[in-house]
């Protein structure tokens, strides 16, 4: 039996993904914080230890997380992780008005699977 983690805002149902129904056979579903995201079929899951990081001027808190993949499902495909460092300002409730109170400071993309071997 596998466990598929989903954020509180997502639910799974057969065929449609509508709230209130059961996950696929052989998978139990648990609700977790928004720091975990899963693909609809639970073959790819990203776990992030925390969402907020502090810049101490001389160093930044390390970003740690785990990407869990099903290699049989991916076959010859690759998985990339994109990390965006953003500065948020203003009230979040104003974001619904179509205004963005966020400035992207740094964007990095990393190939998570298959792992790239370290150079000798």
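Yeah, the Cβs are placed from backbone N, Cα and C, and that goes for glycine too.
As recorded in TrEMBL, the features of this protein are as follows:
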type     : residues : note
COMPBIAS : 30-39    : compositional bias 'Polar residues'
DOMAIN   : 45-115   : domain 'Arrestin-like N-terminal'
REGION   : 1-39     : region 'Disordered'
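On the 0 to 100 pLDDT scale, the domain 'Arrestin-like N-terminal' (45-115) averages 81 in the predicted structure. Sorting the domain 'Arrestin-like N-terminal' (45-115) by DSSP state (H, G, I as helix; E, B as strand; all else coil) yields 10 helix, 33 strand, 28 coil.
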